[in-house]
């Protein structure tokens, strides 16, 4: 029975194991991470809701060794197979740090670099390579170094190529937080990219930058209002290309829009990490400059033991590294520090004994200095065709100024804490509170400047859109009124006008979609304004297109081209809609299934316009007889098109319903869009729907259960058969069966013989014979 029970338990355990997904991160909303700040309980990322949680045991604080960090990852994530750890590339801001033994947690944030807890087999990070940037990698199988070492290698490699380090990731793990290589992306310097932007301003869409407050502030806290990183919006930049139609007598150019995807810009202003962009003539010069720098703790407040080269002493000395920022005179061990700086600096010191030192002062690896009027300079400059380039430069100047000011405050904070070590506890607390208020003040000031910058840019973009649309409409009307009108020229002007209206509508919808995601309350306030504007665009296009049929000869000749143009516009609108309402898939595994496009219900109906839109010389034309066309009864449309579904094709054939739409026939606009905002996951601000398992995982689990069920049933049947057979088997003890027909005397004699009795008569005759 025991072997059968063992098989039964083994089969049940196997079936249970088959239900567990093989992907270690499957079904997780966030990546497993831990963060430490000495004097506070450790924090770890809740992989189910994307929030930072305090240490579950209420006792663990900062850990000094990488082995201890790995063990702690395994403790806080027991259900995951944590195999390694690695430092994150960027610091984060975390609030609600708790002290040991206290129930109340502080709400003010701290800047720290978390550790990523790697699940399962190591997989290198997927790096995005922006335009004009290069992807590079380095591997050395004889080297096994830390994250910091490979970060330095990547940064120096980009500096040698006169570029900036954009992003990087580790390759080939060889120990705990140790690797044999690095992959990284180098991008052109700011000055070069500015020149490229200025030269290509006519080919790129103007973007609206929405600033970048750290979203990690908003982990459900109601004590601090945080500016959410906002997306860029596309503005209008048109491109003329030659019309290769041989029938166009005057050779007018046709405007073709260079459509580019809608970009996201979520720049974190709390990241004070600096980038070295110094180009050097030799490796020795680079090392000499690095080793001459003073030790910098950086803006973060961790206490990591590191080494730096002290030029005055001529040897390496220990210091505490905060975890982010700082400079490259920062080494893990004294041996590594001396290996890099010892020989080069000794040669440099020998040279200085023979000749005076004429080298320039050491340059701190911070970003380029910025003027204090970064925003004022942009605001004083009038808008022009290079609005995008001017806005980008103003944005970069503003961020550089903010980083410099934050770095200065952090250095002052560090110095104040060093001097306040011997002060009473109340004075220390006052110092900390003073600098916290100063940091918050700088953040608020930067947010206000960003908002002012964005509002100005938005106003200029809208003015540019209005001017181009007005000019396109005037050219279209002029072409229709020409004597005689030229059909090809009319079509070209109509095409430009439709593109201008399309850009206006696209700009409006994307702006509203952005506001809807980051601030539903504000979106509800501006909803009527947005829909009224869409209504005006719709009416204006209807009346402008109906004017085409005032000239029947022209309308009939270019009818096919007009239909194709409007169909293309409809397809483009559908694509924009799909991109707008499809929610992003956020998962570190294959369990997160987002709702399909058909499951996301967003209906928009048209608002009534107070008063009819009027334009000189524009009157709808009804001579083609619209009575034969069914009335438009549908009002629900996709939000990108902002027109009734039956009219979205915008066919302009006579009697299509385009020329006889009246204001009073259009019902009141309603917006049935669900304004979703999930504060639990602040990166995308949309409600995410996750299923327990995807289809592939369900199939695997079902197959495993079936196999396990068959094995269990087989074991049970075999066990029962064996038990039954054993129960009915005859038991023999060596007794000879006696025939029931014999007499009692013979039966008694047989029993006596079995017990050893021998007949004396038989024994006598046997002895006689012998």
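Just so it is clear, glycine is given a Cβ too, placed from its N, Cα and C backbone atoms.
Since this is a predicted model, take the numbers as computed values, not measurements.
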>> Among the residue ranges 702-722, 723-743, 744-764, I'd like the one that Swiss-Prot describes as transmembrane segment.
In response: 702-722
> So which range, 491-522, 555-586, 587-618, 619-650, gets flagged region 'Heparin-binding' in Swiss-Prot?
Replying inline: 491-522
> What residues, ordered by sequence, lie under 8 A Cβ-to-Cβ from residue 133 (disulfide bond) and sit at least six positions away in the same chain?
Replying inline: 163, 166, 185, 186, 187, 188
> Looking at the disulfide-bonded residues 62, 117, which sits with the largest number of other Cβ atoms within 10 Å of its Cβ?
Replying inline: 117
>> Quick check: with 147, 151, 168 left out, which same-chain residues have Cβ atoms within 8 Å of the centroid of the Cu(2+) 1 site Cβ atoms?
In response: 87, 89, 148, 149, 150, 152, 154, 169, 170, 182, 184
>> At a C-beta cut-off of under 8 Å, are there same-chain residues at least 6 beyond the region 'Zinc-binding' (181-188) that contact it? List them, or none.
In response: 124-125, 127-130, 132-140, 150-151, 153-154, 157-158, 161, 163-172, 196
> By CA distance, which of the disulfide-bonded residues (316, 324, 341) lies nearest to residue 144 (disulfide bond)?
Replying inline: 341
>> Checking your reading of the structure: which of the recorded positions 98, 117, 147, 151, 542 lie inside a 10 Å Cα sphere centred on residue 170 (site 'Required for Cu(2+) reduction')?
In response: 147, 151
>> Taking only the residues in the region 'Interaction with G(o)-alpha' (732-751), give me the average pLDDT of this model.
In response: 65
